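Single-structure report; data block below.
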């Protein structure tokens, strides 16, 4: 315990007791975006708004829609949730047209800039185009530097804008060729939706790291990050866009381009562990069932004697159900979540904050008191939350607290569109298992193994030669070149302009 | 099925397919308030804000706090959630003082008036006082009419204001005596918190219909509708205020008055079934455990052969867990709730609305498809939601849908602070069991029995001579006189002033 | 000069150089209200909004309208200018009906309370009524104390509310009789408009201190503080309401009541000097012509050798034109006013404030440099502005500055609805003429004499036995009893409730 | 009269009776901008805010400031008045640094786009720079087309952005050389302020069409469109930037560049007639005195027998004073302006609008009734206002109305930064003098002659070979090439993106 509280200082900076609730979300990995496109629907913008709403979990900072009405493009990009802006009929009325692309974006702390809200838009001499991007380029800064040296003027600090300039400067005649020209220059992870005055285009990077699916709604085609965005609008799922595929939708129908040499796909495992919605089907697998299976494998790998299985709400719920089913230990709601917590409830005074008030969750004492409990969570990042959850359980009278994590220890940062803390903030990168256990104060701690993950995914095991998934966070095995990192471009200031809004 | 769709017309008016989400909340009983008081705390208003936030489920229309700083009263009353207003430090700064009372209020459709937001405030010649009220008077309109005839000028359309005028007109010298004078005139349900320049007062009606508890936080005393408001601020639970008790807290400590003849308490059973938060202890019982027990008794009373038990989120969760545990049928999340649905996501166009888009919930197809499912909900009011849930399950491929309700059929309206629809809108008041089953389209339908409720509450059975709980919604057995209703005062226009804001 | 800067300390506290612009308005007397009523017009609320807009100079803190639609009253009361709220068609739509009363209110520093915004509304058993008040009662606090002692609950801190309670408690049967009952209890200055479910009522106190006129617009009747509110809506002026008259407008037409013993009228002289709009006709006199005449008499009484006559904009303009015409000295714009100064331009940093930046006015150097100038202003209150104007003229190169005030020295505070500073803040109450001249730093200073005022008004002279106007600010001759002041009730705290908004 | 009302139809479309007030402003020429720069002042942004406030008359649509703190640029650009945004200390706090440039922009109807609000900002590889522009390029669209063809991505629809791209693409090493490279490509009118990480730069086009002055405030240098912006901050006037001059201010001091062949200056005459503030000194002349002189020359050229001279407020005031002084006919305020008209007072219902309610001005009947009046205005554009003013004067009882315009008839549109209506909307382009008189309904009408203008400016006469001023609006004599107009580029759609905000 001594050591634990010492460690806590090292990790807990900026996370006082009162930050509990922020942490319970803050101590998560964060997806950086969701994309949506619709072609040939009379209510394109409204459909896009609802689709983005279903993708809200992929990004809560900002949302944008660009629609094309056959004559002009119309753009609405705003900070805040989709519903904050796009449930207003007047906003939708300002987005006429039968085709639209949209984007939700996650809130990084420092750079909540309106100018970075996507879809980005540019005008070529041949016409306008809008683009929305999920993922992250690993050579974005290197390209950006070159472009500025050549006289380009940038309007955002996103890597996505690089694609716009590359398209604008391509000497090809047709838009699709200019687009593919641009894709050939970029590295990393991208699922893109783009809209021109004739076409809706979807593209996925050569490894298919981020997801993208095609759907149909009557005569309209839909592109979306996840199937839950098809379900909400009543569209039928057609297929996943393939890794390295560029799909072009226009009045002629759907055309597929494969501009890259064929490679085996390698989708990001974290979509299954945490990002995707449980009711989505990603790469043919039910996310809910995969998560439950992770809990089941975890129960097999790391059983514990206990009275109740308690999920850390809400992300730990499916794994906890799986764990309970395999272990036979009853599943109970030992932590209650307050549904009325808005994004904005800040504890009003420092005094109150210092008392460690918990605005969002509370212990369900009747379940916890006097019991040996197994807490199940989906993943462990900085660990600051887990410390507090364990403490909350003990304060409510838990006799023993066994912490079970339904994924392996995170030891390496991501560069493909997941916001991970620096390596020295990752608990598993700096502590061994016993160190972690002491840090979070649990009676026992166990993680799902990497092979357990692959088993839960239905693979026999991880193929070290050609791994089936992007899993560097657990293994350090990065699937692409990291050009910016190698060139140390990443550290330079992205923009000289500090714009407040 | 034919009859069902016919009935649907009768019940479904104003509830088109697109109203699904509104219904999933709208088709509930609604509590009309929560109250909170704090005495002798340096951050009284901040404490009240956090306490009210924990009581947010009792009322989402409006929130108010009145604080007293030893010299003046300060009041902030606003429409919206507690966090919308009271998480702003500037608002808390405008509420200095060591004592405060607060109130959350539920949104009735037509009369969202700022002037009705509590706590109400009045100035007597001896000083000011503020009052917050949970419950409903059954002779409020009768008294109001008399007061206006005697020259009183009212500022709100609440029954609570009647209490203010009765206090102002009492000829007693001491405030507590004037307050008790007023209580002697009123009938119905009330849990009150009142603040004067010297005292914090709590009171509960002679039957103790609405809850009220006393807590302690260091040197400060707390009054709150539920224990979850004590937990959030770290206060310890002292005891429930008794039925018919008036409790006076001042610098001398806590004094108890019993101005009414002693009666057996008869708390409202719906606090257990639906209103109170699962982590609250009401009348000595864990709300979560009672609900789980209701699911368990229900499983015993009305088993069904099925593959999965699916809760209607979130209110059906504890009963579904109980049902699963007794029946041995696995508990699975067959309905996913979108946590980012704000209060404001209105579907932006009629076209889209007509497609019945579901913004807040979606079927988890991987759980439901091809399965026989048992849906567990806490109660059934108008039934409009249940129709849609059943349809959503069938659309997702459910083979059989067995609907189980963890409380008895609601046949009578409430007059004590629960917002119930008119009798002819209550499904159970107009249909027999088979009629209800056909209306909602389930393969089977069963309710918990009245005796089942009492068993889940730990009673052997309902005592018809002296029922242990207020349960008229199921039994028609109203515990007090209904003076306004008898005099038909209820129907008259409450105010000539139609104020918009 | 030494003495001047010494004095300046005494007066200038809280008025640093940077407060110039605030002062240029702040160093004025302030009217406390304007009233408007309309009966039998299909767009009653819109007409009221426009009428109040024309009366905006009488009060800029807040505006309110109550309309009656034959069934209910509708009220909108807001802080801010009329146009801020009532130019919104949605607000007007919320005010249906053919009759309306409205009010504009001036902003006192400490008590900008929404609950004080008029028209106030009350419900009697016989129906609702709304009231708007221009003026101030001299026994309002005395009456208020009595009412509270008798069990009345007040909703505002206005003296106007006293009238509501007096009406509510009157035992008379007809509304008009109850209204007159109330008027018989009150003392001081009042021009009232009241609206019931049948009648529009106007009333003026026995001396007719504040103005009120009757107009006609087609079949509709209008009541308004000034004729400029008739002009803007195209109504024709019918007549002034007489002192001590109660006028009742209903479907039968217009009825006049005279409940008081007949007295000679004694309207407030400041309506002519400063408050009323120059294009209004008050008591049969053109305000513009009276002001020009005051400048003319001033030029006769206190000539000066000079090169230009410069008005202090905008209130000094008519008198400056008159002064120029009589003296033959050319009229020139030596001070330019920035029309884009909103109410909200606060100088953003202290540094900048300390440099004495002038946001609202600037010297027109080409007119002033090297010249002997006569500055003409309408009145002198605290003198803080005059100091700065003189300094600004000298900074711009004026050779001599002769200050001429087109009204007499203000030596006594008002209690009838004009906001005057405390006596020790009135420059003329504490300095002799030479002291004032030194304080403001002018080469010469002269005021219009009291007899000059009366001459400009077309009287031969002031009749000391029965003065033709209310002029106590210059003479100390108060026209009514000052009950609150005598009883020292004025100093007590008006409300225990400090409500922020 | 018949013909007049016929013509009125032709001109009055979109200008119903109720549009009076809009017209009284709308029927004006509009300046398109004001610029401000400050270097080496600790409160640079606050100083810029105040300077821009003094230039508010040059543009009311939007305002922006970019500040540089030695490390980063900070930008705030907003729709609305300067005071709406920049009187907020928090906004100023977000603009740290000792150097800043600012801009105010006038509101064109259709394109109130935030992305067009200046200063614009761009990042070169060598660092950032911001630019603000007053004037209009006559080859902006031609250049823009070329740039887009070369792969440039534009962020606004302003001609100013062209300058940014030209600078970005220049191959010169030093910023000033790149800036001059860009200036050599552009034609038309421009007064520019630019800010880099080292320098504040000012530039004026070869003819000096738009004004720009240099001032000093302690150790700081100031650039501003007019001297009134120096006066408000207490800066001293140093000199006008010369036509064709580029001035560079940095830590070394002030450097002047003259990259163009020397030409005679030809400043825009409309700065004197209407745009500049009366207290500004433009090109060494007092604007107020010039305007008064125009009134004086007008009185000599076109006398009339009358009783009063009435200015059309506020722009006609100086000329009316001059006219009165020369003619000996008394100057009187026959039209009163309501100072509380906000930008937002829209007449709330159509009924009311149709009654032609005048929200902003009213006749001062006591001055007008029974009189022969001379109305003096500064200029006549579409004439729609004049129609209504004449009608208002007649409604108020004027016996005769003689209209005098203190500038010549406007027959040609502007392309240098003044917003003029299309030629067929210019009254003087389609009517002869008698036609205009009948259209506006005056008893007589006269304009100042072109030679009269030059005389009022102190010239003997206009030099047709080398006119001293830019006066094409009266003469059709455009001082530069009109490349876009010749190439008909102007008519093409500026952007494919219709962004609402």
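The backbone N, Cα and C atoms fix where each Cβ goes, glycine too.
Keep in mind that what you see is a predicted model, and the values were worked out from it rather than measured.
Feature annotations, courtesy of TrEMBL:
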ACT_SITE  C:33  active site, nucleophile
BINDING   C:315, C:377, C:378  Mg(2+) binding site
DOMAIN    C:33-252  domain 'Glutamine amidotransferase type-2'
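Feature map: annotations from TrEMBL on the structure.
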{"residue": "C:33", "record": "active site, nucleophile", "CB count, 10 Å": "24"}
{"residue": "C:315", "record": "Mg(2+) binding site", "CB count, 10 Å": "21"}
{"residue": "C:377", "record": "Mg(2+) binding site", "CB count, 10 Å": "21"}
{"residue": "C:378", "record": "Mg(2+) binding site", "CB count, 10 Å": "26"}
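A separation of roughly 20 Å, to the nearest angstrom, links the Cα atoms of residue C:378 (Mg(2+) binding site) and the residue listed as 'active site, nucleophile'.
In the three-state DSSP scheme, residue C:315 (Mg(2+) binding site) is classed as coil. The residue listed as 'active site, nucleophile' is 18 Å away from residue C:315 (Mg(2+) binding site) when you measure Cα to Cα. Residue C:33 (active site, nucleophile) and residue C:377 (Mg(2+) binding site) are 23 Å apart (CA-CA, integer value). Mean pLDDT across the domain 'Glutamine amidotransferase type-2' (C:33-252) comes to 93 in this model.
Apart from the site residues C:315, C:377, C:378, the chain places the Cβ of C:274, C:311, C:312, C:316, C:319, C:376, C:379, C:405, C:406 no farther than 8 Å from the centroid of the site's Cβ atoms, the recorded Mg(2+) location. Look at residue C:378 (Mg(2+) binding site): DSSP puts it in coil.
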